[in-house]
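Written below as structure tokens is the structure these notes are about.
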Amino acid sequence: MSARLPAASPPRGPRLLLLALLLLLLGAAPGPRPGRAFYLPGLAPVNFCEEEKKTGECKAEIELFVNRLDSVESVLPYEYTAFDFCQASEGKRPSENLGQVLFGERIEPSPYKFMFNKVETCKLVCTKTYHTEKAEDKQKLDFLKKSMLLNYQHHWIVDNMPVTWCYDVEDGQRFCNPGFPIGCYITDKGHAKDACVINSEFHERDTFYIFNHVDIKIYYHVVETGSMGARLVAAKLEPKSFKHTHIDKPDCSGPPMDISNKASGEIKIAYTYSISFEEDKNIRWASRWDYILESMPHTHIQWFSIMNSLVIVLFLSGMVAMIMLRTLHKDIARYNQMDSTEDAQEEFGWKLVHGDIFRPPRKGMLLSVFLGSGTQILIMTFVTLFFACLGFLSPANRGALMTCAVVLWVLLGTPAGYVAARFYKSFGGEKWKTNVLLTSFLCPGAIEHPVRTNQIPRQIPEQSFYTKPLPGIIMGGILPFGCIFIQLFFILNSIWSHQMYYMFGFLFLVFIILVITCSEATILLCYFHLCAEDYHWQWRSFLTSGFTAVYFLIYAIHYFFSKLQITGTASTILYFGYTMIMVLIFFLFTGTIGFFACFWFVTKIYSVVKVD
């Protein structure tokens with residue numbers, strides 16, 4: 001198998017990560033909320049009937065579309081046409097929106113076409129013949145073998161719904177996979193790899209077994225209004241392998257279709273299918289995704305994640321409340337009661353640095369650009385998750401999540417430039433005119449500070465280990481990461497293991513908890529440093545909460561080595577390349593939250609004290 005693989009289409013999940021925050025926090029292919037009883041805009045149900053009516057109320061033909069093939073062992077997906085499978089003789093390719101293109105979806109028409117409620121048994125689709133002596137045929141066959149070795153999966157679509165392969169897993173549960181493998185491999189030592197465990201007849205060593213037959217069952221629900229027909233509520237299949245003895249008239253019996261690594265001469269593979277229909281009165285069209293989602297990881301783990309995060313938030317809230325209501329209140333009252341010069345000379349703590357607290361930081365241009373980009377990501381994430389919670393970004397509306405994120409990203413470029421320009425000017429930047437194009441429709445203004453800045457910087461006293469910048473920054477990222485690491489596991493699964501993610505309610509709640517935790521942790525550490533008379537808070541507040549991204553990176557590395565089966569140099573480089581992009585987005589997002597929280601805190605406390 002030394003032949004080169006055909007060019008791959010753009011990787012799927014990581015494309016979302018380039019622009020959407022929660023992709024990092026987000027991730028991947030979302031799903032609808034179970035049990036929804038209303039239809040989304042633009043997603044009208046399609047009615048089917050045995051004989052097509054001229055009025056157009058229902059259709060008789062059911063079209064099956066094919067999507068790109070992917071694998072949990074490789075980041076590189078491939079278009080259906082990259083393989084030597086049966087191709088559609090004619091058919092219009094569905095138009096793809098921006099989100100689908102960026103997701104890497106490549107939907108094509110297929111030669112599998114059915115008539116509603118018409119049963120077919122072992123129907124021949126096409127036959128592929130390979131001569132191992134011919135270089136072109138050998139390359140196609142080697143590519144097929146390589147794909148089976150890496151466990152590449154088909155993704156078929158019927159009525160805008162994935163065709164699933166449901167099978168039993170551990171603990172008596174049943175998992176419905178929105179895809180099925182091309183085939184499987186028995187190693188030269190007789191070890192059954194991947195899907196080869198489903199059939200005891202797959203036992204020949206150093207042999208590939210291709211799934212060249214599928215048993216498809218389509219479930220439908222008759223519309224209550226009578227003559228309008230029926231609606232499809234589920235499509236399931238079971239992949240099988242047959243070495244058809246009579247290819248012209250296959251009967252789907254006999255031994256499995258094996259392709260030995262040592263095989264030579266002519267090899268013929270006949271692709272067939274059987275289809276049946278079954279009425280299901282218990283599943284309604286609006287709830288037809290439920291059986292897929294219910295096979296996903298259970299919600300009790302999600303609740304554990306939420307409770308874990310809430311405990312951290314309550315702990316931090318108590319600490320911040322104690323500072324705000326007790327320590328700060330006493331400090332402000334004492335400062336405002338000082339009348340004599342002698343009393344003023346006894347000042348200590350954060351009051352002493354009032355003349356330097358708003359001194360422009362070093363690298364003010366870089367910090368202002370970070371804040372602008374972070375604001376863009378923050379608002380985009382909030383709005384995207386909000387609409388996802390309402391169910392408008394369901395998988396039935398393919399590409400909606402990515403399209404929403406990209407459109408918001410573009411529209412929020414102006415607010416991002418506005419924030420960057422305002423803060424850069426407040427930092428005393430002299431090149432703020434370079435931001436004019438980004439802020440041309442808004443008044444940049446200058447942010448008014450509650451206290452004046454001294455001309456001569458105040459000397460910062462010697463700091464203890466705990467009040468030095470680096471230990472505080474490292475400690476500041478631990479608590480926010482503790483709020484999200486369980487949710488992060490499910491998000492990474494949806495991106496890299498191609499599992500469906502649909503619990504946007506949990507994700508939105510974790511997002512809010514993350515914002516609160518970053519804010520409170522940064523305020524807490526900011527107050528401690530101000531009490532130690534260290535007034536360099538701007539970069540430290542950004543890096544304190546932004547350091548959560550470093551823990552995210554460490555977790556992503558651990559996830560790669562402990563959970564994923566990715567092999568190959570190209571896939572490894574792509575994984576860590578996209579991970580670094582995710583980490584950068586997360587760094588800007590969390591760092592911006594910390595800066596704005598600390599900026600509000602500092603402005604608030606210095607605006608309520610009397611300064612001569």
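Cβ atoms are placed via backbone N, Cα and C, with glycine included.
Summarising the annotation, TrEMBL assigns signal peptide to 1-37. Positions annotated as transmembrane segment by TrEMBL: 303-325, 366-393, 399-421, 473-496, 502-530, 542-561, 573-602.
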Checklist outcome for this item: Among 473-496, 502-530, 573-602, the stretch with the most Cβ pairs under 8 Å to the transmembrane segment (303-325) is 502-530
Checklist entry - Of the listed stretches (366-393, 399-421, 473-496, 542-561), which one yields the highest count of Cβ-Cβ distances below 8 Å with the transmembrane segment (573-602)? => result 542-561
Item to check | Residue numbers, six or more beyond the limits of the transmembrane segment (542-561), whose CB comes under 8 Å of its CB atoms | outcome: 24, 367, 370-371, 469, 472-474, 476-478, 480-481, 485, 488-489, 492, 496, 518-519, 521-522, 525-526, 575-576, 579-580, 582-584, 586-588, 590-595, 597
